[in-house]
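According to TrEMBL, the feature domain 'MacB-like periplasmic core' maps to B:17-234, B:491-683. Per TrEMBL, the feature transmembrane segment maps to B:266-291, B:314-340, B:360-380, B:412-431, B:437-457, B:495-516, B:722-747, B:774-796, B:816-835. Sequence annotations record features per position, and here TrEMBL assigns domain 'ABC3 transporter permease C-terminal' to B:270-390, B:726-842.
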Amino acid sequence: MTTTTPSGVQTAARTTATAAVAARATDLTKVYGQGETQVVALDGVSVDFRKAEFTAIMGPSGSGKSTLMHCVAGLDSISSGSARIGDTELTGLKDKQLTKLRRDKIGFIFQAFNLLPTLNALENITLPMDIAGRKPDQAWLDTVVETVGLSGRLKHRPTELSGGQQQRVAVARALAGRPEIMFADEPTGNLDSRSGAEVLGFLRNSVRELGQTVVMVTHDPVAASYADRVVFLADGRIVDEMADPTADRVLDRMKDFDAKGRTS
Amino acid sequence: MFRTALRNVLAHKARLLMTVLAVMLGVAFVSGTLVFTDTLSHAFRSQSAKSYDDVAVAVTSLGNEYDPAETHPGVSQKTLDEIRGLDGVAAAYGRVDGFAGVADPNGKLIGAGWSNKGSNFDPGKDGKDSAYTFTDGEGPLKADEIALDKDSAAKGEYKVGDRVRVATNGPVKEYTLSGIFTTKDGAVNAGGSLVLFDTAVAQEQYLKPGWYRNVTVTAAPGTDDAKLLDAVEPLLPENAEAKTGQAVADEQAEEIEQGLGALKQVLLGFAGIALFVGVFLISNTFSMLVAQRTRELALMRAVGASRRQITRSVLLEAGVVGAIASAVGFVLGVGLALGLRSGMAAFEMKIPAGPLVVTPTPVIAALAVGVLITMFAAWLPGRRAAKIPPVAAMNSVHAVATTKSLVVRNSIGAFVTAVGAVVIVWGAGMGGDGGRLRIAAGAFFALIGVIILIPLLSRPVIALIRPILTGPFGVAGKLAGQNAVRNPRRTGATASALAIGLTLVTGLSVLGVTVGKALDKMATDNIKADYMVSMANGGDLDRSAVTALEKVKGATAVSPQQAVQFELKKPGTGEKIFMAGSAVKAGDIERVLKVDVVQGSADSLANGQIAVAEKTAKKRGWKVGTALPVTFADEKQATLTIGAIYKDSEFLSPTLLDTKVVNEHETKPSIRQVFVKMAGGQSEANEKALLGALGENPAIRLMDHQDIRDEFGGTINMMLNILYGLLAMALIIAVLGVVNTLAMSVFERQQEIGMLRAIGLDRRRVKRMVRLEAVVISLFGALIGIGLGVFLGWAIGETLKAALTGYALVLPWDRIAIFLVLAGLVGVLASLWPARSAAKLNMLNAIKTE
Ligand SMILES: Nc1ncnc2c1ncn2[C@@H]1O[C@H](COP(=O)(O)OP(=O)(O)OP(=O)(O)O)[C@@H](O)[C@H]1O
Ligand SMILES: [Mg+2]
């Protein structure tokens with residue numbers, strides 16, 4: 001599939017100019033709690049998320065996937081090391097600056113959809129722009145809405161939409177602001193396999209066709225197979241990486257973890 | 001079940017705290033009122049018991065001082081001497097009293113006008129009068145001596161030997177202060193002033209030389225009061241009666257009780273309003289708690305709890321909350337009573353010292369009110385809880401109120417509101433007391449109806465407010481507006497508290513301002529005089545005051561308003577009718593007051609003819625020229641011809657006569673006011689001249705136009721301010737309600753708020769969103785309340801129309817604007833804590849799914 005949309009080309013061009021990294025963690029450590037109850041959720045993690053790439057993060061439960069995502073996305077503080085979005089170093093930023101950064105540069109998709117029930121689909125999609133006080137780019141908005149296939153449902157309230165449709169609204173909301181990077185934490189966790197496949201398809205399309213960058217946390221090898229690259233976490237460390245994954249290969253790798261988990 | 005209820009109370013401490021506060025405030029008000037009035041009544045009772053302590057028998061004459069024909073104006077010296085001669089009488093004191101105002105060195109009256117008393121010093125054989133204990137000097141024994149109570153002497157900084165100016169109804173006189181005393185007299189101990197004159201002076205001044213109005217008898221040791229009473233009674237003239245000191249003390253206590261009863265009722269009324277408002281808050285809290293616990297309750301049902309058990313557990317929970325709140329509220333109420341007592345001292349109302357009295361009644365009332373109100377308010381939520389089907393335990397979706405129940409609710413609400421509105425309009429059309437009664441009943445229904453309807457009203461009314469939000473406040477405003485209508489029931493219940501408070505406040509304001517304006521207009525329209533002269537104590541002026549005023553240089557018209565009563569024989573039947581009228585100065589009266597003559601001429605007054613008000617003339621079928629056979633107070637008869645008929649006015653009696661016609665029949669005329677018109681109008685010089693002519697009398701009030709208007713408006717404003725103060729209570733409870741609702745909303749929307757924060761809504765705007773939601777809810781309640789209040793104000797105003805010429809509805813926009821601003825502030829204030837906790841929410845916890 002080739003990047004045909006003008007925006008895609010533009011993004012691609014910029015990508016090569018700036019080292020092609022959308023977000024980067026360097027020696028990132030995250031410690032929860034103190035003393036006896038202390039938990040090292042991330043232990044010196046270094047990883048790059050390249051532009052216009054679809055990265056999946058996998059690992060056993062409690063391995064620190066969500067924590068990594070939260071830290072890199074500026075949702076949670078970092079204990080030591082560094083995290084950057086584009087050229088911006090997150091450590092040391094105040095809540096206000098982090099908020100602005102998330103608003104302007106990051107898109108989020110959550111497992112629980114997290115739409116506002118008082119707003120209709122379209123209003124939910126444009127909410128980040130409303131918050132920023134920006135006018136949405138109409139052409140881009142149309143493209144996004146069409147990509148996720150919601151044209152006929154824009155006036156509906158979230159309660160009038162199926163789970164799959166709601167998650168598609170969430171994907172559109174993340175895309176609408178044309179963020180530098182999108183983070184998705186188990187976006188298909190609450191969906192049946194067909195709706196899940198649709199949402200994953202849109203995420204992949206947004207990378208391939210629209211030149212977006214996506215980082216997705218998932219437990220599902222099939223979901224991971226949509227990504228360009230899979231990063232494996234265990235006990236707060238990066239233990240492996242896999243390019244061009246397929247469901248079977250990912251499954252095999254995961255089984256490996258399970259075996260290890262049992263022996264240790 | 002009880003354990004579950006208790007556990008629930010503990011688990012929802014924060015939320016229930018608001019309920020506790022609301023119940024507590026109401027209970028505090030109720031118990032505070034009861035304790036306060038009990039304490040007051042106890043203090044006054046023991047005070048009056050003390051002042052009659054050593055009085056065995058008290059004799060009161062019923063004689064009429066204004067009646068010169070009366071041969072027995074009281075108790076004679078002879079009777080008093082006879083009483084003194086009785087066996088078992090230790091001493092008997094003759095008393096004669098009336099008004100006496102003392103001027104301080106600046107010429108100002110000491111003490112308020114209603115409590116300035118004068119009496120006589122009646123020394124016994126030992127030269128002492130047992131009612132008075134002299135701390136300095138001695139009792140007045142000469143005509144130009146007086147004694148003064150200690151507090152008044154201190155206020156005027158007078159010492160024995162000083163010259164003191166004292167005014168009775170006549171001109172001011174200067175006396176030498178012979179002594180300063182203390183007394184057990186209740187009025188003096190309540191902050192009044194008391195001047196003692198020599199007996200002869202007091203008799204001359206207040207009654208008739210040689211006569212007393214009252215006699216107090218003290219008994220020799222070992223004498224029975226009742227026996228003494230039996231001995232005294234035969235000696236008394238027909239128009240005097242005797243009672244034992246105990247009986248008089250009891251009577252006084254009874255009177256005090258009645259006087260306090262009115263105060264008690266007003267205060268309890270406000271407590272009732274506070275509790276009524278509180279019911280909504282409590283009900284709302286329990287609804288929210290039930291909603292929050294849907295799954296838990298469903299689970300209990302699933303494992304076998306019956307509906308009754310569920311309802312009972314909610315009620316039990318309410319009972320526990322109510323009991324805690326009542327206990328705390330009661331303590332607070334006792335504090336409130338103490339505060340009220342010292343507060344009254346600040347208003348120069350001295351309350352005799354006494355212990356704080358806590359009887360079982362307020363304790364029981366507090367507990368009963370607190371517990372029952374809370375349980376009553378929790379009853380509906382409890383029933384709703386019982387309706388949760390067991391299957392809801394398996395379902396993640398909360399049971400949503402069906403639209404059907406809102407349809408039923410709206411229909412009922414619309415019906416009740418309509419009935420209320422119709423009754424109100426009916427009452428307004430009817431007018432008078434009956435009309436007002438109907439309006440009160442209608443108002444109750446309309447208020448209940450609107451409260452039932454309030455969830456329905458929330459959408460359209462808030463839609464009106466919304467544009468002001470989205471404009472200046474952007475996304476936060478838009479979201480706040482939408483959040484406010486998300487749960488119409490909850491929003492409605494929250495707004496109800498404010499709506500009730502503001503209905504009352506607005507209604508009273510509309511009425512107060514309208515009536516105030518009408519009275520003001522009436523005064524300006526009717527009074528042409530520049531000055532009005534009257535007694536500070538509201539009593540009668542002496543005739544010498546009129547003569548003095550007439551002599552003032554520059555006084556172009558001087559007319560008294562002198563109350564007159566005469567009898568009229570109805571032609572044919574011989575039936576007697578009492579007529580009230582005013583004696584005025586012919587010729588001058590039209591220049592000081594507006595007299596709108598419709599028939600005949602006012603000049604006829606000068607010829608000894610009578611003028612009659614239009615309505616009276618119409619009712620009696622009188623015309624100009626009709627001759628009226630009248631009997632004056634001194635039983636003399638005369639025939640008066642009607643010379644003029646004038647339009648009725650609040651400032652004129654139904655009949656007018658010239659003073660010359662009346663004065664020969666009355667020795668002590670009842671001159672209520674004197675109106676004076678001066679050359680050059682109102683000026684400092686004129687005022688000085690008038691005050692000088694009146695002898696700088698501290699007991700006489702000289703009022704110019706502005707003073708007269710203030711007198712009318714002032715009382716109304718003061719009343720309004722007191723009512724505002726009391727209704728502030730409703731506002732406080734409203735704040736609690738808003739806090740509660742918002743805290744719940746924030747709690748329920750944690751995920752949403754977390755998501756909003758994640759996608760870039762900063763803390764400031766999260767706070768603003770919550771704050772605006774509170775403001776919207778408050779404004780909504782305020783708009784409903786103001787609307788209803790204006791309607792009620794209008795309706796009651798209509799019933800006053802007939803009694804108030806020049807009545808026109810005035811909407812106090814300035815005050816309404818203030819109410820709206822206050823409502824907004826209520827919202828801002830109430831949202832402080834919920835907004836903070838919303839902004840502080842941990843984003844990650846918030847977006848994590850369970
Ligand atoms: N707020 C917190 N306080 C303390 N420990 C935490 C906190 N959040 C996460 N942890 C711990 O950090 C570790 C990593 O948690 P994280 O949520 O990142 O795991 P995960 O890989 O996303 O797991 P899952 O697949 O179950 O979502 C876990 O051991 C967890 O218990
Ligand atoms: Mg996770």
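Using N, Cα and C of the backbone, Cβ positions are placed for all residues, glycine too.
Same-chain neighbours of the transmembrane segment (B:774-796): 421, 424-425, 427-428, 436, 439, 442-443, 446-447, 450, 454, 457-458, 461-462, 464-466, 469, 480-481, 484, 491, 494-511, 514, 734, 738, 741-742, 809, 811, 816, 819-820, 822-824, 826-828, 830-831, 834-835, counting only residues six or more beyond its ends whose CB sits under 8 Å from a CB of the stretch. Of the Cβ pairs linking the transmembrane segment (B:412-431) with the transmembrane segment (B:360-380) and spaced 6 or more residues apart, fewer than 3 are under 8 Å, so the two regions do not touch. Sequence-remote contacts of a segment are chain residues at least 6 beyond its ends whose Cβ falls under 8 Å from one of its Cβ atoms, and for the transmembrane segment (B:314-340) they are 1-2, 5-6, 8-9, 16, 19-36, 39, 282, 286, 289-290, 356, 358, 362-363, 366-367, 369-375, 377-379, 381-382, 385.
For the transmembrane segment (B:266-291), same-chain residues at least 6 beyond its ends with a Cβ under 8 Å from one of its own Cβ atoms are 8, 12, 15-16, 18-19, 22-23, 25-26, 29-30, 33, 36-37, 297, 314, 317-318, 369, 373-374, 376-378, 380-382, 384-385, 388, 398, 451, 489-490, 493-494, 496-497, 500-501, 504, 726-727, 729-730, 733-734, 736-737, 740-741, 744. With a cut-off of 8 Å between Cβ atoms, the residues of this chain six or more beyond the transmembrane segment (B:816-835) that come close are 498, 502, 505-506, 509, 731, 734-739, 742-743, 745-746, 766-768, 770-771, 773-779, 781-783, 786, 790.
Secondary structure by DSSP for the domain 'ABC3 transporter permease C-terminal' (B:270-390): 99 helix, 0 strand, 22 coil.
Away from its own ends, the transmembrane segment (B:437-457) comes close to residues 280, 406, 409-410, 412-428, 430, 488-489, 491-493, 495-496, 499-500, 503, 507, 784, 788, 791-792, 795-796, 799 of its chain (Cβ-Cβ under 8 Å, at least six residues beyond either end). When DSSP labels each residue, the domain 'ABC3 transporter permease C-terminal' (B:726-842) comes out as 98 helix, 0 strand, 19 coil, counted as helix, strand and coil in that order.
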